[in-house]
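> Below is the structure I would like to discuss, written out as structure tokens.
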């Protein structure tokens with residue numbers, strides 16, 4: 001198996017990019033979500049309980065406990081953390097020397113700190129996924145990045161430690177857990193849309209924030225939509241075990257199938273940084289041999305191969321064809337695929353029952369865990385073998401200590417992750433080692449391992465539910481309050497906001513699925529709109545002039561529930577159709593008994609005013625100045641600007657940066673091994689014959 005230095009660097013850069021987007025996106029929304037005049041002020045979440053400092057930090061692990069020491073309130077501390085996190089992540093993305101363990105540990109700690117006070121607006125699976133990935137990045141990153149030019153001919157760093165591949169294996173295991181669980185829960189939920197293969201006929205229309213491409217995807221033929229669901233099950237359930245396949249081409253096929261799925265989701269839906277993060281995880285399926293190539297590889301001559309190597313290649317090829325054949329047969333058999341040549345369509349249906357699927361799941365869940373054990377054991381043996389090749393007793397001792405520490409951490413994290421993974425099958429969960437449960441319970445609040453299962457059930461089968469806020473001055477004439485991103489005006493096209501996540505818009509989508517009492521924060525939103533609080537208004541319309549009540553707050557606010565559908569092809573200047581369903585939230589005004597009762601019921605009343613902090617605090621003044629400069633910018637515009645700036649800087653680095661010495665023919669000539677005087681002795685040593693034109697065939701044999 002080829003080395004993984006280049007994929008590890010891609011992974012670290014990708015994690016840094018996602019952290020940059022996550023912190024920057026959150027920063028733009030902090031005043032409206034968590035400020036003193038926000039929907040859910042963060043200061044309410046951190047109340048000292050009279051415990052010791054370290055016990056308090058362990059039970060609620062957030063650096064925001066130290067905000068008062070800096071003269072900041074909790075929301076200002078959150079702003080500082082988000083700014084520093086975004087800048088540090090941006091630095092790690094652009095500068096190789098910053099991609100080390102301490103930087104990624106700080107990024108993980110900063111985001112974990114934010115999640116501790118984020119409440120319902122930071123309770124998304126991708127936030128948990130980013131925390132788990134961020135901690136793995138801290139283990140994957142070296143203690144100190146060596147200079148870029150110190151590279152061995154095969155792309156591996158000179159002096160690379162034997163343990164470096166172990167934490168990176170955990171990234172592959174995380175990707176497996178994410179994809180396999182996401183596929184399985186669609187069927188264990190008994191959702192009729194997934195079982196009937198019609199989920200995508202609703203998904204594009206009913207997802208939280210569609211894109212313009214969603215409208216076109218929604219109007220694709222039904223047979224193609226159903227076939228797409230079959231492909232989704234294939235990619236999410238059948239393909240993930242290939243992540244651990246011993247044949248490289250099988251892993252690469254699994255990689256490209258995952259990339260295809262994530263790219264299609266990015267095109268047809270605004271899922272913030274989630275799909276970008278999943279693409280970052282797929283780098284664990286790659287190796288140096290696939291990402292780097294010598295310039296002369298394509299023209300190298302075929303050389304004779306030894307019969308054991310030829311036999312191994314033949315067996316690998318037979319295994320590949322067998323796997324592809326089984327996948328094709330299983331797909332046709334389980335989903336009854338039939339080609340209709342007259343209608344130019346492929347018909348599909350689910351041919352297995354829920355009982356059969358649960359029995360299959362019970363049969364394979366524990367074996368997939370043992371598959372992980374076998375794969376990790378192989379990685380550990382590889383690491384031990386690499387350690388035996390280390391020269392020098394002092395270096396051998398140092399690498400042994402590192403191997404022990406990182407090997408123990410890798411095994412521990414794998415054992416911990418088995419607990420949330422086993423949630424997909426209850427009986428397997430009960431058969432787990434009790435020590436794994438205890439270990440997971442001890443660190444669960446750190447979110448080092450999480451359970452996943454996206455799109456468990458398809459919502460909005462009878463039409464997309466949508467909450468529309470309205471305001472009035474007299475209680476008779478009502479004006480709709482339109483959000484920047486979520487559907488409202490039927491003539492406005494769906495936006496493209498990736499990688500930004502408008503967290504209020506997302507929670508409005510969840511709120512529409514049930515009564516307002518299931519979303520207590522909604523009452524606080526109504527209160528802030530009646531009070532005319534500018535930070536909350538900017539969550540709805542960043543350009544305050546477009547907010548209908550920007551001159552004077554409304555006297556009354558109410559909310560209506562509608563059902564939305566995509567417009568039919570041919571309807572001019574309309575993207576949506578809608579129909580009124582019912583009143584979602586009753587008309588209220590400031591001082592209304594109904595509003596006061598709801599605020600008391602949900603514990604949303606301000607029992608004590610925010611603590612007054614020194615206005616002369618230079619750090620607080622600097623934060624206010626930065627906020628004043630950035631507030632006119634729309635969050636998605638800021639993130640796209642960051643993306644464009646990073647791209648421009650990387651292009652300049654590629655054009656102006658130093659080139660590795662092996663890139664030129666002259667350098668290659670200089671690095672050729674000198675002819676040995678003892679040619680007779682050298683000729684007696686057997687020379688391995690490579691079976692392909694990989695870069696390893698150009699590596700000079702080390703003299704013993």
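Glycine is no exception: its Cβ is also placed from the backbone N, Cα and C atoms.
Note that TrEMBL annotation is computational and uncurated.
Here the structure is a predicted model, which means the values were calculated and not measured.
Feature annotation from TrEMBL assigns compositional bias 'Polar residues' to 680-698. For 123-292, the entry in TrEMBL reads domain 'Lipase maturation factor 1/2 N-terminal'. Taken from TrEMBL, the feature domain 'Lipase maturation factor 1/2 C-terminal' covers 448-586. According to TrEMBL, the region 'Disordered' annotation covers 660-704. The transmembrane segment annotation in TrEMBL covers 12-30, 77-95, 102-126, 259-286, 307-327, 364-385, 397-419.
Help me picture where these features are in the structure shown.
Among residues of the same chain six or more beyond the transmembrane segment (102-126), those with a C-beta under 8 A of the stretch's C-beta atoms are 12, 15-16, 19, 22-23, 26, 29, 33-34, 40, 42, 45-46, 60-64, 74, 78, 81-82, 84-85, 88-89, 91-92, 134-135, 137-138, 141, 143, 271-274, 277, 446-447, 450, 452-454, 501, 503-504, 506-507, 519, 521.
Within the chain, the transmembrane segment (307-327) has long-range Cβ neighbours (under 8 A, six or more residues past its boundaries) at 234, 238-239, 242, 245, 247, 249-250, 689, 691.
For the transmembrane segment (397-419), same-chain residues at least 6 beyond its ends with a Cβ under 8 Å from one of its own Cβ atoms are 136, 139, 161-163, 166-167, 169-170, 173-174, 177, 369, 372, 376, 380, 383-384, 387, 390, 429, 432-433, 435-437, 439-440, 443, 448-449.
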> Using a Cβ cut-off of under 8 Å, list the residues of the same chain at least 6 residues beyond the transmembrane segment (77-95) that approach it.
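For the transmembrane segment (77-95), the sequence-distant neighbours (Cβ-Cβ under 8 Å, at least 6 residues beyond its ends) are 12-13, 16-17, 19-20, 23-24, 26-27, 30, 34, 42, 63-64, 66-67, 70, 103-104, 106-107, 110-111, 113-114, 117, 619, 623, 626-627, 642, 646, 649-650, 653.
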> Under DSSP, the domain 'Lipase maturation factor 1/2 C-terminal' (448-586) has how many residues in helix, strand and coil?
33 helix, 34 strand, 72 coil
> State the mean pLDDT for the domain 'Lipase maturation factor 1/2 C-terminal' (448-586).
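Computed over the domain 'Lipase maturation factor 1/2 C-terminal' (448-586), the mean pLDDT is 95 on the 0 to 100 scale.
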> State the non-local partners of the transmembrane segment (259-286) in its own chain: residues 6+ outside its ends, Cβ under 8 Å from one of its Cβ atoms.
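Same-chain contacts beyond the ends: 4, 6-8, 10-11, 14-15, 17-18, 21-22, 25, 125-126, 129-130, 133, 168-169, 171-172, 174-175, 178, 204, 207-211, 213-214, 217, 232, 235-236, 243, 251-252, 485, 495-501.
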